[in-house]
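This report concerns only the one structure given below.
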């Protein structure tokens, strides 16, 4: 690896708790607020089981990303030794042209076609150490090789050295690079297609949700301001449905969109490690609001019903079937359960600055476990209490909360008003923190498509390239959201790529990276620091099957729903 130059800025590291906070902010957003209405559609029992299964599989997938990252660095170091270069993987991939200092260096992340061109060099007679042959890799102990004259070589049993699975802090192997290392150009391109569509549509949706939420709940601000100047331009209008905004609403929506753009640029141009403290604050805010929602709804079971259709004695709830199987219901709960727990595309960015890499599995596992507990608790309590009256964003149910019940009549005490305002602001605040983090990930995905020299951190104009990519990741989705606000259809269609990001590519990386390292190092490939009981091949195969089934069920349910067929 390249040695650190004197005066070169070292990356700031964070604790595992800081990494946990950032992972929570990547994952926990408005998705949790859509779960209560989804639980009503698919039945509570069925929804709980699917959410728990999704949480388990998503958690296991993060362990595989940790393992694949460790194997990726081991493979990079092996190729550096083989090629006699200290070139970093970032600089090497897709290098458009060598500089004066690296003319003899070979790309490290190219696919196997380049390696297979390396001819076999017979070992000296007195050398007992295994040699490279044909594809530039150590031989698999179970294979033989053919020399150029057609004779067969005996298999090589042991590798020269054991793999180095250490994950550095100064550099990062993004998931597209891992896909290229272990699945070739095809895996690289397919992953890039899925992740860019997913992140772009996610950021598009984030911008629309934040601006429309602020427009709906803070319309009174421009109304009061204009009334001070004797204008009633905004008087008498309501802005409840973004898809059908008319005069006044569109202008306010754009103003809030501009404010959101400024905030996103401020955080988006910061490095992830520099946001540790503020992201911890956002994490506390998330759990505080979710806890208040669970507590106030739980108390309401013993105070009074939400409306006259609920159960009229303690506990006040809406009776409903515990288990129900329907295609349309499953098509709603499966993507909601999976997408509310997707952070896998950002895992390399999250694990890079963590000082104690041995705690990565614990860090990611804790995030998924905590989120699962909060998700199920909130969804079950709200689904039982609000029943069919649950809003598409559960936080909106608190708009009329008066401290004891939900009613539109009469004045409300100041404390319930402040609490309800805090809950209503939850979507906007949570997305203000998670949108820049996802934009940072998207910017790295964009950089992965560029020539290697341009994205080399040691290149003199790297900072300019980085800022440009961050702007490309932040501004276009927000610009489109300013004019196209009704996103239901595009979010459903593009959301299917989320299954590939967390339930298809991580297990594929686990299987292909295991095979690749076994081929190079034989039995010495051994276990990585992140190997656990879920690391062995039947489990990744099972997860891939589940991911494919989830995608088929979701797509089928979407089609039948669009056709008006209730299945």
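Using the three backbone atoms N, Cα and C, a Cβ is placed for every residue, glycine included.
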Of 338-361, 530-553, which span is tagged transmembrane segment by TrEMBL?
530-553
Name the residue range among 219-242, 363-386 that TrEMBL annotates as transmembrane segment.
363-386
Of the listed stretches (284-303, 363-386, 530-553), which one yields the highest count of Cβ-Cβ distances below 8 Å with the transmembrane segment (20-38)?
363-386
Recorded stretch that, among 363-386, 414-440, 461-483, has the most CB pairs under 8 Å to the transmembrane segment (188-207):
461-483
Leading stretch by Cβ pairs under 8 Å, where the reference is the transmembrane segment (461-483) and the options are 252-272, 363-386, 414-440, 530-553:
252-272
Give residue numbers and ranges for long-range contacts of the transmembrane segment (252-272): same chain, 6 or more residues beyond its ends, CB-CB under 8 A.
11-12, 22, 207, 210-212, 214-215, 218-219, 222, 234, 239, 242, 245, 278, 349-350, 352-353, 432-433, 435-437, 439-440, 443, 467, 470-471, 473-475, 478, 481-482, 485
May I ask which of the stretches 284-303, 414-440, 530-553 has the most CB pairs under 8 A with the transmembrane segment (363-386)?
284-303
